[in-house]
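Engineer: Summarising the annotation, TrEMBL assigns transmembrane segment to 75-95, 161-183, 204-224, 433-459, 607-628, 648-668, 703-724, 784-809, 830-851, 892-914.
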């Protein structure tokens, strides 16, 4: 790395304290980390200067930044149109339900009579809450009149409407299911087309487990060549990389490398200081000789332990009686433990590694075997067991003989070299499963905490919703205006009255208000009493007349010349005096509909709690995700980065889903509330306060107005998720940088030790583009839309906006701002494809239950239902079966069964059809399938040829070997200096390879992940057939 940092040698003057020397070391690391970040950004800028920009195609993104990112952006585009399609199919329902009046048979041609649940547009009016519940009207209001274009259409039967929207839901779902199948086929073809264009070393390699603890690489090579070699010239093992328990070795090498970096920097600082002293004192020849000696001694060497020379001594300011060097500060920053010089640390780590080797504590955990042909690798994967459980039934003739016993091996296709986390491969896979179980228990505890908070907030919300936010000033002003137009109160209108006078006036005015309402609507028989809810002769009369009376009285209150303008304000003033400590839900709903005009719409506490529930869920989801990331990447021991990220994405998705959907269902379940109340009836009061405060036992209209609205608010907050995630990453980076720069000044929580260079590099680099977090968030929002979209179609539009924001923001970060990202493979984005069919099944199940809450009676289908009665009666023995076989439930039930059968048996059907078509296409001379026109397999190129070729189609992309010291993540601390000696000591004579040498320039610049020219064979590799015990040693 070219060092462009400012000269900080002047800070090491003898009259400064030791802390100043540590500050100089920190400043050096900061400048070096910034320079590394600038170089990385410059490399990305040069790479995508001409080809990659904000509007670059997905194919170019896949080529330059990894196929996983290309598939991710391609999927987002399809998901956007999926959501637009579902929203488009829901528009007729949204228009109809917000413009319809439910009425009875007698008034089916009169739109003035009937019920409209929401007179204005609200979030709940776009849900099934806008449908009149049969429990409210006792099944009386079975007709609908709809206002379209200022003209009333109808009447339409309610049962026809319910069946119609269920058919539209089923049809849109069926079309979407077909589109998902088309997408999976297109994605697979696109992926295979991109795969045929690239060739990696992973195509020739496998990872082997279940090996003897002290097996050699040559024994492994001989085993595979003996069992699977069909031709001596081509089918052979090219390289075997043993994976030992390297955890302690990597720690030692990193510590040695870190101390060498500091020693190199110290040597530079000392050379600069010596030069300044010599220039100031007009040095003589003797001084020049000494300076050259110091420079020679301080130069790091790969074979000689670096010794620090004594410098000019001085009196320490902290302890005047003690003699110290001007490098005391940096030495104290390097001490681990305090007091040890860097050279002593290096010697100590060398001794630790030697003991590990001599005491045979480095046991073989796995091995990565690279074959010469893809056919040999495929044959091994086909024949050998693919896991530990399968190896229990391994054929006896395939077992490996070693140490007098037979060992049961298992193999898997190897991942990319840079994907492996070799320090974790000493942990068994089944041990890591137990760690994941522990992670799950921790997540359960946090979810229980979330449920407790939501329970408390729900209880507070219930109490607050019982307190009506009356605006008494607005009420009194309306009554005051009405009193001026009333003849009975004209004598009192000159002076504004107090509360008692308003009450007295309204009590006397109720009779005239009741007469005025009966005059407008003869036959309504309304009874209005001050301080009580108005009443009617029966429930049917109330349903038909309440809405028009309320509308007429409200219009009268808004008119200046209306003689009864005081009626509605007086009625609401009386309702404000009604106690609401334990009201009925019907009374609360009536107050909200009739008197909301006289409420304080800015009541932050009442409506803030409704938003707070959504925010609490969002905040706890963020905390759970961050904690889960810490556990997945730093506690669990996955063998590859891809496995770690995939595990994180799936767990993060499941945790958010459980924390949102399951917790909301359980907390708001009325059946659980009744059970808990009976169980805790005689328990202490503090324990009774933990009882769930659920009010719903089904998808009732009230559920949509309360819980459904909270879910939609949560989804709206999630639309800003991509931007909030970037902001959170940026803030965490800023805090980390501030801590590295100034945290050591806090004596209570820091030491004089300078962090490693890797820590500074990660802190001062740009925020990483993490695909696993984005996959988790996309799946979470898709799940909410599919589960609740039937009853809340607005969810589709919210998710479409979220996907649009994600496309725009992610392209901006990745392409315009050049955020660094690893070359993702297909595992993460393909997880969306695997879960989409499952989400469609969940949509059918939830939609079926939401639709069938409302009973649909179709008089026009009586003949059809009578003909099918015998078949349906066999399914209708229970209340559950009778519900799901209603006319508005059958469409989704049928598609649920059909689609489920397809998902289970569809692959076998497709395989049969594929074989038939391929055979037909092969026999037919006038028609050929794509399979017969294009070979199914790409050109067979051996590993040896791929290393030597200059052909762009056959050359290897990415790293060309599994040698750990050559990989990007390990090369820095395993390939230079004393750390390289330690690594060579650990490798010993157990290495097997037919690749004779790997040049330095090949290590640094021939990864060629982005499609550059291949390194010529004579520059990068020299192949040899000299074998010792079956192979060549390097």
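Note that Cβ sites are derived from N, Cα and C of the backbone, with glycine treated the same way.
Quick caveat, the model's predicted, so the values are computed rather than measured.
Just tell me what is around each of these and how deep it sits.
Structural biologist: Only residues 6 or more beyond the boundaries of the transmembrane segment (204-224), in the same chain, are considered here, and those with a CB under 8 A from a CB of the stretch are 237-238, 240-242, 360, 363-374, 377, 380-381, 388, 391, 400, 402-403, 407-415, 429, 639, 943, 962, 990-992, 1028-1031.
Within its own chain, the transmembrane segment (433-459) has Cβ neighbours under 8 Å at 609, 612-613, 616-617, 620, 623-624, 627-628, 631-632, 635-637, 647, 651, 655, 658-659, 663-664, 666-668, 689-690, 692-694, counting only residues six or more beyond its boundaries.
Remote same-chain partners of the transmembrane segment (607-628), defined as residues 6 or more beyond its termini with a Cβ less than 8 Å from a stretch Cβ, comprise 439, 442-443, 446-447, 449-450, 453-454, 457-458, 460-461, 464, 648, 651-652, 655-656, 659-660, 663-664, 709-711, 713-714, 717-718, 728, 773, 776.
With a threshold of 8 Å between CB atoms, the same-chain residues lying at least 6 positions outside the transmembrane segment (648-668) that come near it are 439-440, 443, 446-447, 450-451, 454-455, 458, 617, 620-621, 624-625, 628-629, 632-633, 692-696, 703, 706-707, 710-711, 714, 772-773, 775-776, 779-780, 783-784, 787, 828, 831.
Only residues 6 or more beyond the boundaries of the transmembrane segment (703-724), in the same chain, are considered here, and those with a CB under 8 A from a CB of the stretch are 123-124, 127-129, 610-611, 613-615, 617-618, 660, 664, 668, 695-696, 774, 777, 780-781, 784-785, 788, 791-792, 794-795, 798-799, 801-802, 805-806, 809-810.
Nonlocal intrachain contacts for the transmembrane segment (892-914), taken as residues 6+ away from its ends with a CB within less than 8 angstroms of a stretch CB, comprise 166, 169-170, 173-174, 177, 837, 840-841, 844-845, 847-848, 851, 884-885.
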Engineer: Going along the chain, which residues at least six beyond the ends of the transmembrane segment (161-183) come within the CB cut-off of under 8 Å?
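Structural biologist: Sequence-remote neighbours of the transmembrane segment (161-183) are 75, 78, 82, 85-86, 89-90, 92-93, 96, 131, 144, 790, 833, 836-837, 840, 843-844, 847, 851, 854, 856, 858, 887-889, 891-892, 894-895, 899.
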Engineer: Residue list, the transmembrane segment (75-95) vs rest of chain: Cβ under 8 Å, 6 or more residues beyond ends.
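Structural biologist: Same-chain contacts beyond the ends: 58, 126, 148, 165, 168-169, 171-172, 175-176, 179-180, 183, 187, 778, 782, 785, 789, 793-794, 796-797, 799-800, 803-804, 806-807, 810, 829, 832-833.
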